[in-house]
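The structure appears below as structure tokens.
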Amino acid sequence: MASMGTLAFDEYGRPFLIIKDQDRKSRLMGLEALKSHIMAAKAVANTMRTSLGPNGLDKMMVDKDGDVTVTNDGATILSMMDVDHQIAKLMVELSKSQDDEIGDGTTGVVVLAGALLEEAEQLLDRGIHPIRIADGYEQAARVAIEHLDKISDSVLVDIKDTEPLIQTAKTTLGSKVVNSCHRQMAEIAVNAVLTVADMERRDVDFELIKVEGKVGGRLEDTKLIKGVIVDKDFSHPQMPKKVEDAKIAILTCPFEPPKPKTKHKLDVTSVEDYKALQKYEKEKFEEMIQQIKETGANLAICQWGFDDEANHLLLQNNLPAVRWVGGPEIELIAIATGGRIVPRFSELTAEKLGFAGLVQEISFGTTKDKMLVIEQCKNSRAVTIFIRGGNKMIIEEAKRSLHDALCVIRNLIRDNRVVYGGGAAEISCALAVSQEADKCPTLEQYAMRAFADALEVIPMALSENSGMNPIQTMTEVRARQVKEMNPALGIDCLHKGTNDMKQQHVIETLIGKKQQISLATQMVRMILKIDDIRKPGESEE
């Protein structure tokens with residue numbers, strides 16, 4: 001709405017404008033501003049709603065360059081959405097913060113925030129002040145989070161018995177593209193995390209888990225490698241394809257004759273000068289190769305390249321080498337093999353070599369694609385998950401799915417309490433909030449009831465996406481939860497014949513669920529407190 005704004009008058013009664021270009025600015029105020037925000041948030045939430053749960057549908061996102069991404073991951077969908085409205089951008093940030101902190105539940109948090117705003121709209125229409133709604137939501141969120149603590153169960157995080165961890169990872173992977181082999185993927189994710197986890201600090205360093213993918217093969221061919229995979233091959237095709245008991249020199253210095261640091265030029269006036277230069281370079285290369293071999297190294301990994309002459313000399317001297325290895329890979333190789341990165345050639349000693357039981361080059365299908373696998377390393381706390389798939393899109397989606405699973409297992413190691421999925425926790429919290437609302441003597445009880453209704457949107461979306469009647473299914477499960485006093489009863493999305501999520505092993509982490517409720521509530525409170533928007537108008541050329 002374009003607004004001229006309020007005019008001020010001088011002592012002679014002449015009008016003047018206070019704000020620059022006030023006539024070209026657009027402005028929304030009061031309820032109109034709130035309704036605009038709620039409409040934008042609902043539009044984003046409704047887009048995400050169909051992606052929720054094991055039967056959630058995927059979205060195809062096409063970017064400006066025409067690249068296609070098919071995904072079910074809430075954070076990815078929102079980050080690729082080209083949103084223009086400022087509140088829709090806040091929803092994108094909300095999903096991102098859930099992804100950064102927890103890694104899973106990115107779709108649910110947006111759907112919940114959208115439902116809370118939808119309920120708030122009805123309360124605003126009844127004349128309740130937005131601040132009272134925001135305060136009621138805050139009280140309700142506190143009740144829901146306390147109730148989650150009461151209904152949570154602890155799982156045993158034990159390296160010997162990984163079944164509870166695998167079941168939790170399977171719940172996360174159930175809604176993804178990889179659900180055809182989600183048991184295998186869950187086992188890979190659990191083994192990867194437990195290999196690198198620091199159980200004393202109860203933390204996981206994700207830098208030690210590398211996820212690589214290669215087009216070809218099936219998703220079932222995905223495997224966990226206790227070591228490092230590098231997307232490179234040996235520098236010369238005649239070098240051996242396998243090096244056993246490898247002692248690795250990890251070089252980040254250029255593999256070439258030394259050059260002066262200052263600006264210089266070399267005058268070559270005759271053939272003899274050129275031959276002398278060639279001879280000097282060859283001698284220097286041989287000297288450098290000899291220096292590497294004297295330390296006991298039988299494999300050189302270089303961050304920089306070297307020319308064909310050096311490559312030929314390396315082959316003659318039986319020293320396999322790999323060139324142009326990136327910085328992160330060099331660091332991971334150093335961690336895995338227990339070696340030290342050598343920035344200057346003169347500093348190379350036997351103590352700085354890394355050790356690996358086997359380094360081999362593997363080929364894929366009929367293509368010329370090759371990769372290096374460094375296994376049986378000195379330090380087994382660096383692992384690589386190697387994903388295969390029919391096309392690039394499937395591999396990228398599998399990477400995102402595994403990221404969610406890895407995050408969930410890390411959260412369980414940090415805090416081993418869980419709640420039950422399938423909407424069971426949300427229904428139980430909604431019942432607890434409704435009971436608490438009846439005890440609230442002030443106007444906030446309306447907002448608390450609205451909060452309970454909003455929580456029920458998640459189980460309703462789950463049943464809707466599974467092809468059931470959402471309202472009928474929801475009322476049946478809610479009635480059973482009250483009658484049987486069992487907070488583990490949820491929506492039977494997979495049609496297994498039981499609503500008990502404990503029997504179905506549908507498990508979610510407690511910290512993830514708490515974070516969902518608190519983040520969505522904070523976001524909605526912030527939106528409800530905005531009553532005025534000023535936007536710059538179109539600039540006149």
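Every residue gets a Cβ built from N, Cα and C, even glycine.
Taken verbatim from Swiss-Prot:
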- GLY53, GLY105, THR106, THR107, SER175, GLY422, ASP492, GLU508, LYS513: ADP binding site (BINDING)
- GLY53, THR106, THR107, GLY422: ATP binding site (BINDING)
- ASP104: Mg(2+) binding site (BINDING)
- LYS20: SUMO2 cross-link (CROSSLNK)
- LYS210: SUMO2 cross-link (CROSSLNK)
- LYS214: SUMO2 cross-link (CROSSLNK)
- LYS265: SUMO2 cross-link (CROSSLNK)
- LYS275: SUMO2 cross-link (CROSSLNK)
- LYS279: SUMO2 cross-link (CROSSLNK)
- LYS392: SUMO2 cross-link (CROSSLNK)
- ALA2: N-acetylalanine (MOD_RES)
- SER26: phosphoserine (MOD_RES)
- SER346: phosphoserine (MOD_RES)
- SER539: phosphoserine (MOD_RES)
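Within the same chain, the residues at least 6 positions away from SER175 (ADP binding site) whose Cβ sits under 8 Å from its Cβ are SER51, LEU52, GLY53, PRO54, ASN55, GLY56, ASN72, listed in sequence order.
Between the C-alpha atoms of LYS214 (SUMO2 cross-link) and GLY422 (ATP binding site), the distance comes to 34 Å.
SER346 (phosphoserine) and LYS210 (SUMO2 cross-link) are 31 Å apart (CA-CA, integer value). On a Cα basis, LYS275 (SUMO2 cross-link) lies 64 Å away from the residue listed as 'Mg(2+) binding site'.
Not a single one of the recorded positions THR106, LYS265, LYS275, LYS392 has a C-alpha within 10 angstroms of the C-alpha of GLY422 (ATP binding site). In this view, the densest Cβ surroundings among the recorded sites LYS265, LYS275 belong to LYS275, judged by other Cβ atoms lying within 10 Å. Fewest Cβ neighbours within 10 Å among the recorded positions LYS210, LYS513: this applies to LYS210.
Per-site Cβ counts within 10 Å over the binding-site residues GLY53, GLY422 peak at GLY422. Across the structure, LYS392 (SUMO2 cross-link) and THR106 (ADP binding site) are spaced 23 Å apart at their Cα atoms.
Looking only at the recorded positions THR107, LYS265, LYS275, LYS279, SER346, the one with its C-alpha closest to ASP492 (ADP binding site) is THR107. Put simply, of the binding-site residues THR106, THR107, LYS513, the one whose Cα is nearest the Cα of LYS275 (SUMO2 cross-link) is THR106. Across the recorded sites listed here (LYS214, LYS279, LYS392), the residue whose Cβ sits among the most other Cβ atoms within 10 Å is LYS214.
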